[in-house]
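Mind having a look at this structure? Questions to follow.
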């Protein structure tokens, strides 16, 4: 959006600023209008409103003017900031440069001032030696030209002279020393002529000399200009004595580069010896050379001497020491700066040339050493390989010789080893078979012990037959099953035998035929029976000593999977003394029993399950463990299609409780609460609604009838009550109710029952006596 005065801004920014401007202006107008309304009447207020609300065109013009002025002010601020930043950068750079070169500038200025003060002494000295110096102009001109070429293109000249000067001789060294001496003489003559001309001009020449000296101290590399001035002068010669002294001063000066810390002492000694000659002073370029290299006393030393590089810290330390030395020796060392600069430059160029030659020789030496070391390594590797091959050949030869000499003995030794291995395997197999036989013998011994116990048990198991076959109305096969069973002699007192068997075996007959294992028979009398436990006790008398009393075990210690033996007389006397083997398949089984054969279960019998073969006639037989002790009495078998070896035995501990009462009382007194019950599972929906049974109740019994003045009536039990829990145990049906009640036949204590009456849950105590 172009708003005039060369200001262009985005359209969105223009609109946003315009909205802000109008909003602020309207707010000010409203504020002014509100204040005017408080001070003037309604008519005046309306006129004021018309004056305050200006034309929209005026608003846009005011906005553009305001925005343009704002942008101009912003541009001015930006330009001022940039100018300030550039100025600050320049100030910082100048301050840095000023600080960086402050030390050198101070020393150079001090040298120039000191040189001006001693111009008179210098002029006198140079006048005395001017004639001798002019005679050597031609020689100095040639050598100075050669030095300029070497300094301008030192890399090229250095590479060309490296091959020629790689091994300098003594004659070459002397030649270089003479050239250096002649160059120093030319430098001194050049400076003498210049100072002589300047001294003739008086005060004007002194100012000119100070400027020349300061320029030379600030710009050391300007050797070409001084050479041109020397070329315009006449040649001079110096005595041989002055050449030697100047060479000694030059050597003393080079010592200062090598020994650093002893520089001041060497210079002071040199000045004392040459007090009537020109003292030496190092310029800035000499400082650079001293910072980068360390040289010997002799500048023309052997070119193989390596140059060592200094670190930044060492260079800074040398600079500081050099500046301090210059300040200390300004009064004595500022005479002939031009001469010293030229002589030092020529010395430095020669030294650099020698160093470049030295570096080239070192490089060639390194290459030669590298090739030599590579060849040596290759030779070593080849020699090692040859030695390895020779060693392998020697080993193979040794093995061949050894085999040719001792092969019969080795064959015999291998045969002996193989024979030993075969015999060891045979003996191990024999020992293994012996161990297996021992194990089998041990098993056979155990089996023999078990069978011995079984044979003893057979002497305690008898056949029990009643006499119902003559007058029984049952079918013959059914009658024979009921008439024949087995019994166990659990106690013997003299000739009196006490035999336990099943109640369904003795039936209703009082007298029973008892047949022993030796086929002798006696008549026994039934002392008592209990249909709820399906047990009966028969008493018989026999003087046969072969009949033995069975050992009683403990049924509370039975273990699932424990081996057992079943001894009985299946199918009568013809198969008496049959022994079958099995294990205990289950514990604490509740087996429903139908005693009266009306297809309705009468009682839950507590028993353990066995898988030994049980057949008709085994009822009342003995279940013994491997020790031959009685642990149970065979009571029932499940006879269903596709069901095999599922038989049940009454635990011997329960048997002992029952037979004790049967011996003395002939019966078992069970508590009778005087109720008749129905199972909840057999109720229909109408009967469930009649007793108001909750839907969550699935198992239990419903009281159908309560005897007057019976234990149930006395306990508060009523018809229609639903019993779901008895003595803390869940009640499934009426068989479970009878089993729990009969389990308290010995203590006859009251038990707690949980019932539902009219749909409400409650607890009552049922009396058992």
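Any Cβ shown, glycine's included, is placed from N, Cα and C.
Below are the features listed in Swiss-Prot for this protein:
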ACT_SITE  504  active site, charge relay system
ACT_SITE  534  active site, charge relay system
ACT_SITE  619  active site, charge relay system
COMPBIAS  1-20  compositional bias 'Basic residues'
COMPBIAS  21-64  compositional bias 'Basic and acidic residues'
COMPBIAS  71-108  compositional bias 'Basic and acidic residues'
COMPBIAS  126-137  compositional bias 'Polar residues'
COMPBIAS  138-186  compositional bias 'Basic and acidic residues'
COMPBIAS  247-262  compositional bias 'Polar residues'
COMPBIAS  264-296  compositional bias 'Basic and acidic residues'
COMPBIAS  310-330  compositional bias 'Basic and acidic residues'
COMPBIAS  331-347  compositional bias 'Polar residues'
COMPBIAS  348-364  compositional bias 'Basic and acidic residues'
COMPBIAS  365-390  compositional bias 'Polar residues'
DOMAIN    680-733  domain 'PDZ'
REGION    1-390  region 'Disordered'
TRANSMEM  410-430  transmembrane segment
Please list the DSSP helix, strand and coil residue counts for the domain 'PDZ' (680-733).
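Going by DSSP assignments, the domain 'PDZ' (680-733) contains 14 helix, 13 strand, 27 coil.
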C-alpha of residue 619 (active site, charge relay system) to C-alpha of residue 504 (active site, charge relay system): distance in Å?
9
Take the Cβ of residue 534 (active site, charge relay system) and count every other Cβ within 10 Å, whichever protein chain it belongs to.
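The answer is 25 other Cβ atoms.
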Counting every protein chain present, what is the number of Cβ atoms, excluding its own, within 10 Å of the Cβ of residue 504 (active site, charge relay system)?
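Taking all protein chains shown, residue 504 (active site, charge relay system) has 22 Cβ neighbours within 10 Å.
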With every protein chain in view, what's the tally of Cβ atoms within 10 Å of the Cβ of residue 619 (active site, charge relay system), excluding that atom itself?
29
If one measures from the C-alpha of residue 504 (active site, charge relay system) to the C-alpha of residue 534 (active site, charge relay system), what distance in angstrom results, rounded to a whole number?
7
